[in-house]
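What follows is one structure encoded as structure tokens, with my remarks underneath.
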């Protein structure tokens with residue numbers, strides 16, 4: 001099924017230019033949205049909690065910084081870019097009391113709306129503008145006259161102008177230079193969580209760790225296992241990123257390609273696919289979100305325990321030692337966060 005893609009010619013930039021936008025949060029996405037909007041002629045303020053360490057950065061960049069509540073009261077478009085686990089509290093305490101008829105509440109990710117952790121009144125536009133890239137890339141591409149593709153969605157549209165507003169916002173941060181793709185809160189939320197859990201974070205992490213363990217337990221040096229199972233992952237992913245899986249197979253040796261075809265399905269088999277479907281079900285029916293909320297309400301105890309156990313793995317100690325030999329790794333990391 002073909003998807004619609006919208007570009008600058010499809011967007012009316014004057015719509016968002018006629019609004020007052022509050023960016024709640026000044027992290028990776030927040031700083032990029034705010035600066036790109038401002039340079040597109042949009043009036044922007046930053047909303048931060050009292051004592052936020054990001055305040056100095058926002059003020060240094062020339063923004064007016066208000067409390068979350070003050071920013072929400074001032075604005076008629078509020079983009080909530082605080083962490084997912086903080087959003088419901090910020091909404092209840094600071095945003096909801098300051099919403100007026102026709103205001104728009106935008107998100108960069110759909111979790112809190114789709115799973116009804118946040119439920120604005122019926123007279124509020126609920127929308128999403130989600131660049132498919134980290135904030136530093138959104139900013140850098142904008143400065144270079146380009147853009148990062150964006151997803152947009154509208155969950156609630158009392159005045160039938162939400163989609164035009166979301167498209168205008170996406171254009172103002174550079175998204176329509178590359179392409180803006182309409183979706184739904186449900187599709188964005190479920191696919192994003194599934195990708196993180198089954199493939200990008202959870203799946204990849206366990207694959208790397210298990211491969212490392214198999215080699216070390218077979219008597220091979222941890223350093224060799226690290227190089228082969230983790231370090232070279234970037235080389236392979238970069239090839240897939242640039243041209244797809246076929247490009248990766250074309251670029252590696254015939255030995256690697258042939259071995260991959262034979263052994264890949266032995267690692268990721270029908271049972272793995274079934275368990276991935278179980279993960280998808282847990283996401284769709286809210287099981288994961290309930291556990292996420294319980295973790296937050298419990299003071300992040302489960303998260304901290306899991307983090308500590310993973311950070312103590314031998315692969316972390318081996319990697320720290322080997323990365324000290326790689327001067328280019330630290331240089332690349334600094335460039336990505338600049």
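The backbone N, Cα and C atoms fix where each Cβ goes, glycine too.
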Residue in 133, 135, 145 which Swiss-Prot records at the NADP(+) site where 26, 27, 28, 29, 49, 52, 54, 84, 85, 86, 87 also bind: 135
Between residue 228 (Mg(2+) 2 binding site) and residue 54 (NADP(+) binding site), the C-alpha gap once rounded to whole angstrom: 39
Greatest inter-residue Cα distance in Å for the NADP(+)-binding set 26, 27, 28, 29, 49, 52, 54, 84, 85, 86, 87, 135: 20
Three-state secondary structure, residue 28 (NADP(+) binding site) (per DSSP): helix
Site with most surrounding Cβ atoms, counting all protein chains shown within 10 Å, from the binding-site residues 192, 196, 228, 232: 192
Neighbour tally for residue 26 (NADP(+) binding site), based on other Cβ positions within 10 Å of its Cβ: 28
Residue 109 (active site) and residue 85 (NADP(+) binding site), distance between Cα atoms, whole Å: 12
